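Listed in TrEMBL:
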- 45-127: domain 'YbaK/aminoacyl-tRNA synthetase-associated' (DOMAIN)
- Thr165, Pro166, Ser167, Gly174, Asn175, Gly305, Glu306, Asp307, Val345, Lys353, Met354, Ser355, Lys356, Ser357: ATP binding site (BINDING)
- Asp293: L-tryptophan binding site (BINDING)
- 353-357: motif ''KMSKS' region' (MOTIF)
- 434-468: coiled coil (COILED)
Amino acid sequence: MEDRIEKILKDANVPFEFIPLPEDLPVDVPSHMKFYRDTMQHALATMIYKTEKGFIAVSRRGDTKVNSKKLREFLGIKRLSLATEEEMTGLGLTPGLVPPLGLEIPLYVDKKVIEADYFYDGTGHKLFGLKMGVKDLLGVNKAIVGDFTTYEERYAKKRVLSGITPSGNTLHLGNYAGAVKPQFDLLEKGVESFYFVADLHALTTIQDRNRLEMCIINNVFDYIALGLDPEKGIYFRQSGVAEHSMLAIVLANYIPFGLTNRMHAFKDKLARGVSKEKINMGLFNYPILMAADILLYKPGGVPVGEDQRQHVEFARETARSFNKAHGEIFPIPDPLIEKGNMSKVVGTDGERKMSKSLGNVVTIFDEEEVIRRQIMGSYTDPNRKHASDPGKVDGNPVFIYHDIVNDDKAEVEDLKRRYREGKVGDVEVKESLFKAHMRKFAEARRKRKELENNIDMAREILEKGAEKARKVAEETIKEVYKIVGITNKLNS
């Protein structure tokens, strides 16, 4: 069968890859995707069904399941059942190894499959897998696309989304621990991940075009250097998907003024003595746009720091309000918050959250001497006057940073013990932290320097990501517009 598939693809002149598989690899889809180190959204599962009109092949995405009722309605049939092993053998097929090509029966592909650019599936042979583009599959097969699956419950929360506002020129440890690393960890576990650069949110503080553009580009360099694979995660620019703003306008009608009035960003401005007359509406409406950012992609979770919990709760309330009026349209997303000190990394001043605007950061990609000064100037234990005095470890910024960057956990525990016993000074602890920081991010810093002049590459990554994100966003907007009664070319 794989020889036949190879001939079909070569004759069609489309790119593809046959991937050798271990002999002991189980035939189930999750095992294969774990071997490929990719997400279930890039898995294609092809099954054979028997109907009163004959046999058909059905391809679905790995994180979905066929809804028999929807499939029967789509096909206009009454009877539908999975083919037996004997029936599959009669078709020249092996159960669990059905390829999406070379079949002599009609092929139907669920529309969720086309949200991805590529897929993995079988070749009909246990020792080889197939990777190719979704559009190429549809073109070669002349497959019929329909809507006949639902998300599997066990994968329903395996879509996450996070965004970062490009308000500065470099990431810091707070960004890394609170959002970047948790999101990357989820991606490695096979979770479908959406990341966006929140340039529309940045307009509340940045109104210089050139500065905003460079902040966005630098954000791309930072994420790619730290290990984001744009082929696995969907990485895009917020303004590149117009549906963010479109949904925000609709959702604003389901959000009471009082809820928005209580949000931290607005209240913090007032607390700093800024009058209401001088606060721009972008800041006041910030939570509404953020709710749209989240709900547009219907994620199960949102990786955030503790300080951002309120915004996710706002999105949850917005979803409940909309659902109450129109039915269960939006899943209620969970805030995915790191435990302990990682959820809200304190700044080098020892008081406030680490923030570029407050100048209390330890950055990742600045020059070594800049990072050294940031670390050496970090707050420690104010009650400790001498190195021989017992010191406090809990809540001590320097040890929080050690927990983030120092992969030598034995060294960290030794430093903590000696610090509590008054057997190590602040300078030694900070020097160890600086060395650990340099070790942790050495490869990322090297890669960042290689990338920094490749602005076209950064823009291309964002544009390609926006194309992928738009496929999901457009479906949500069509659904919402239809429900609320807005009729135009988007949903007609």
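All residue numbers here begin at 1 and follow the chain in the order shown.
Glycine residues also receive a Cβ, built from the backbone N, Cα and C atoms like all the rest.
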Same-chain residue ranges lying at least 6 outside the motif ''KMSKS' region' (353-357) that approach it to Cβ under 8 Å: 167-168, 172-174, 205, 305, 307, 344-347
Most Cβ neighbours inside 10 Å, all chains, among the binding-site residues Ser167, Asn175: Asn175
The residue listed as 'L-tryptophan binding site' and Ser167 (ATP binding site), distance between Cα atoms, whole Å: 18
Pairwise Cα distance maximum in Å, ATP-binding residues per record: Thr165, Pro166, Ser167, Gly174, Asn175, Gly305, Glu306, Asp307, Val345, Lys353, Met354, Ser355, Lys356, Ser357: 19
CB contacts for Thr165 (ATP binding site) [other CB atoms within 10 A, all chains]: 20
Residue, out of the binding-site residues Asp293, Glu306, whose Cβ gathers the largest set of other Cβ atoms within 10 Å: Asp293
Rounded distance in angstrom between the Cα atoms of Val345 (ATP binding site) and Asp293 (L-tryptophan binding site): 24
Proximal residue to Asp293 (L-tryptophan binding site) among binding-site residues Thr165, Glu306, Met354, Lys356 (C-alpha distance): Thr165
For Met354 (ATP binding site), the three-state class that DSSP assigns: coil
Same-chain residues at least 6 apart in sequence whose Cβ lies under 8 Å from Met354 (ATP binding site): His172, Leu173, Gly174, Val345, Val346, Gly347, Thr348, Asn360, Val361, Val362
Most crowded position, judged by CB atoms within 10 A, among Val345, Lys356 as binding-site residues: Val345
